[in-house]
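Enquirer: According to TrEMBL, the protein carries these features:
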- B:94-286: domain 'ABC transmembrane type-1' (DOMAIN)
- B:36-54: transmembrane segment (TRANSMEM)
- B:92-117: transmembrane segment (TRANSMEM)
- B:129-153: transmembrane segment (TRANSMEM)
- B:165-185: transmembrane segment (TRANSMEM)
- B:206-231: transmembrane segment (TRANSMEM)
- B:265-285: transmembrane segment (TRANSMEM)
Amino acid sequence: MTTTSTETAVMPGAVAPPAPQTKRRRGVRKDRAGYLFLLPWFIGMLFTIVPFFASLYLAFTDYNLLNAPKWIGLENFADMFSDPVLLKSLKVTFVYTFVSVPLSLAAALGVAMILNRGIRGLPWYRAVFYLPSLLGASVAVVLLWRYVFGFDGIVNAFLGWFGIDAISWTSDPDYALTTLIILHIWTFGSPMVIFLAGLRQIPVMYYEAAAVDGASKWRRFRSITLPLLSPIIFFNLIQSLIASFQTFTQGFVMNNGGGGPANSTLFYNLYLYQQGFGQFNMGYASAMAWTLLVIIAVFTAITFFTAKYWVNYDS
Amino acid sequence: MSQTLQTPRAAKPNEDADALIERFGSTRKSRFSRHVILCVIGLVMMYPLLWLVSSSLKPNGLIFEDLSLWPAEWSPSNYTEGWNALEYDFGIYFSNSIIIVVLSIVGNLFSCSLAAYGFARLNFTGRKLFFALMLGTMMLPGHVLLIPQYILFAKLGWLNTYYPLLVPNFLATNAFYIFLMVQFMRSLPQELDDAARIDGCGPFRTFWSIILPLCRPAFATTAIFTFISVWNEFFGPLLYLTDPELYTVPLALRQFIDSEGQSQWGQMFAMSVLSLAPIIGFFIAGQKYLVKGIATTGLK
């Protein structure tokens with residue numbers, strides 16, 4: 001690679017090698033091909049990097065799209081602490097994330113373990129469990145959820161068989177978020193497929209050896225499966241946390257753009273949307289966006305930091 | 001249930017191995033109970049979707065009265081009436097969605113394959129740094145960029161056009177797909193490039209004639225993922241499209257709640273079924289690529 005790569009720049013049709021070039025010129029020509037291939041990406045990065053810093057700047061301004069941004073220092077951040085609706089939306093997002101992420105990952109791992117033990121019809125089962133995760137973010141399914149959990153819906157009908165009184169799932173502040181948590185768990189299929197791929201890489205002989213040594217089922221799970229799967233659990237956890245903090249569509253469609261009964265499904269990003277694009281408080285919305293970025297970064301960092309205690313990388 | 005699930009065998013080499021392990025490692029009773037557990041979970045998960053399909057065929061009065069999946073009374077007119085229930089007919093919304101989806105797929109395939117080839121196969125100053133930057137954008141929550149991007153697109157006069165939804169896809173802003181293609185291209189033997197070079201191919205010729213044809217599986221995965229995410233996308237169209245004539249299918253569906261007073265559930269469910277059908281179709285056609293796609297990007 002090191003010596004021959006200088007020839008990369010020789011164009012088709014050039015029969016005789018060109019006159020000897022200085023090393024630097026060859027380097028420039030070599031670079032040029034790479035930069036040409038990355039050209040669209042470079043332009044795209046401008047659409048990422050410039051807005052990234054622009055929103056940091058806007059976070060310290062008062063801006064409503066019509067007048068020029070006015071620098072107000074930390075006022076937006078100070079306002080956030082005394083904004084009860086914002087604190088409520090933060091709480092909704094936290095409850096949603098810290099209940100639904102562990103439950104859906106547990107469901108994903110559990111079903112993947114059952115599927116992994118050499119079962120007939122695996123492609124069929126996998127398809128059935130995976131499909132909902134492709135549909136979960138669609139407006140059609142969130143609309144469907146409104147009626148499945150509606151007062152006359154099938155969930156209440158089912159509970160009725162067991163003598164449980166009908167619950168106003170979507171209009172009772174105590175239950176509205178629960179319906180969306182259940183929707184999140186319903187989409188456990190995509191982490192499940194990743195778990196399944198990971199489980200298949202664990203050599204069967206480990207289990208055989210452990211079984212010979214008399215390890216119980218639980219012991220085999222705890223001492224073989226969990227450690228060897230931990231990098232994948234880690235990956236799924238980070239992915240799900242980041243995605244879940246940014247939930248929007250579910251909350252928006254469920255209550256037609258509002259926050260639901262007593263703002264019980266007012267997700268953080270939904271409130272950000274209301275502030276930024278409903279009331280055009282774009283400075284405040286930028287401050288909210290950066291606050292969420294910091295929150296996500298902190299939780300990702302915590303997960304990374306704890307990783308050395310539970311993630312096993314030397315398989 | 002388990003009987004019917006066993007008969008249709010996919011042409012998969014490890015299918016027989018699965019059956020062998022199943023027989024070898026467990027008792028008959030535990031095998032049976034596993035199938036029962038899986039079927040119950042599967043049925044519970046599928047039930048809302050089945051109920052959706054059946055409700056779309058029932059008259060409004062029966063949807064919440066008759067909870068059986070088999071309609072006692074059929075009302076296929078939900079589909080024809082639902083198609084025309086909103087300001088524009090659903091033909092407009094579907095063709096809007098299709099235009100955006102097709103152009104997004106083209107854009108992602110074009111720009112991400114170029115970038116992926118650069119990262120995977122070429123050597124240039126700063127490659128590692130740029131690659132790290134690209135991976136960083138994969139983790140970056142999109143909402144941080146939202147407001148300045150909106151301002152930028154507004155200043156460019158792009159509100160109520162498809163440009164804000166399409167142009168980023170032509171600029172390789174989907175790091176996930178670049179990563180997927182990089183992983184795939186790295187698995188191709190380096191000797192291919194060397195041979196092409198000896199035969200006088202420059203990097204563009206090598207990319208076009210050698211690497212691209214071999215990357216078809218990665219492109220199929222990218223196309224299917226793009227299809228599903230763009231077809232479902234709600235936030236971007238909600239933000240940038242306010243003219244109902246430009247609405248995509250998800251935006252149109254949402255209008256059914258606005259006119260909820262009329263309680264046209266059957267029509268809403270009928271259009272919901274139509275909006276989900278393409279995803280399910282693509283899923284059935286491309287399941288192999290989807291599963292492989294998340295397995296490769298998820299694991300390494």
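For all residues, glycine too, the Cβ spot is worked out from N, Cα and C.
TrEMBL annotations: computationally assigned, not manually curated.
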Enquirer: Are there three or more C-beta pairs under 8 angstroms joining the transmembrane segment (B:36-54) and the transmembrane segment (B:206-231), sequence spacing 6 or more?
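Expert: No, the transmembrane segment (B:206-231) does not contact the transmembrane segment (B:36-54).
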Enquirer: Please work out whether the transmembrane segment (B:165-185) lies in contact with the transmembrane segment (B:36-54), by counting C-beta pairs under 8 angstroms that are 6 or more apart in sequence and asking whether there are at least 3.
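Expert: Stretch pair does not touch.
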Enquirer: Six or more residues beyond either end and a Cβ under 8 Å away: which residues meet both conditions relative to the transmembrane segment (B:129-153)?
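Expert: Residues 115, 119, 159, 163-164, 173, 175-176, 178-179, 239-240 contact the transmembrane segment (B:129-153) from elsewhere in the chain.
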